[in-house]
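Taken from TrEMBL as is:
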type	residues	note
ACT_SITE	THR196	active site, nucleophile
BINDING	ARG224, ILE225, GLY226, ASP227, THR246, GLY247, GLU248, GLY249	substrate binding site
Amino acid sequence: MGGWAIAVHGGAGVDPNLPLHRQEEAKQLLTRCLNLGISALNSNLPAIDVVELIVRELETDPLFNSGRGSALTEKGTVEMEASIMDGPKRRCGAVSGLTTVKNPISLARLVMEKSPHSYLAFSGAEDFARQQGVEVVDNEYFITPENVGMLKLAKEANAILFDYRIPNGCETTCGANVESPLHMNGLPISVYAPETVGCVVVDREGRCAAATSTGGLMNKMAGRIGDSPLIGSGTYACDLCGVSCTGEGEAIIRATLAREVAAVMEYKGLGLQEAVDFCIKTRLDDGKAGLIAVSKNGEVAYGFNCNGMFRGCATENGFMEVGIWE
């Protein structure tokens, strides 16, 4: 085995005009998460425990779009989703439509370990959360003033938006009468900058795990489910690798992007970075997305086909990197 490795992301698709202080805040959060993961891995915590630990940290901080700080639906509420997967036996758990569960990723793990199912959603997932005694809060806990403002702007523009990642001047140019160069499922949208969070880990025993969590799209239709809770699309882990994706959910779903990385490693014999590059280049059609990945050999990789991705990675040999742009 090549030792442990960890990667974390805070979403792909970044406004090139993002203020420097916001960039610094993001880097600080990613660094904090990496250091937390490094400490856990040096203490021989299993990969599945580490990915849950890191994603919980990201869900608790309102900076990215998961847990507290989640994007708002068209109704001004929060509907969160998450998934987790343990590579050695490909065990998995996923949840969608959560409105009161403080840490969706932990409920996803409980679905994996304490239920006979792999996926629970909406009222069924909420009922299961209460049966398991997980921490719940009012929906207002997840709503930030920034996202309330962004939802207002999205409604005025008749668009799908994400948090503060809006190009300068969008307030006057992102109306419905402006032709959009971006499309989702074939439909034009004004601004698309996803901020799903995720973590992938391989521990010293070569066990891979992956976890992904999100609030979804700003101004999304109530009931919309993206790629993040879909095993094989937003999240996948097996004996070869662990993968977490972020970006245009509909494109990631069509590509079964996370599973595809493992598949080309298995069937084409590609290395980890080669597999990531191949899938980003050939499997997304016109979609915009990114992903992070680790292999059982202690390798770490990432890739994206948009202008930026919040990401960080570290390996047991001392390598550590945090970045946003190419």
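For all residues, glycine too, the Cβ spot is worked out from N, Cα and C.
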Same-chain residues at least 6 apart in sequence whose Cβ lies under 8 Å from ARG224 (substrate binding site): THR73, GLU79, GLY216, LEU217
Sequence-distant neighbours of THR196 (active site, nucleophile) in its chain (C-beta under 8 A, six or more apart): HIS9, GLY11, PHE64, ASN65, SER66, THR212, SER213, THR214, GLY226, SER228, GLY234, CYS245, THR246, GLY247
In the chain carrying ILE225 (substrate binding site), residues 6 or more apart in sequence that have Cβ under 8 angstroms from it: GLU81, SER96, GLY97, ALA121
Number of other Cβ atoms within 10 Å of the Cβ of GLU248 (substrate binding site) across all protein chains: 29
Sparsest Cβ surroundings (other CB atoms within 10 Å) among the binding-site residues GLY226, GLY247, GLY249: GLY226
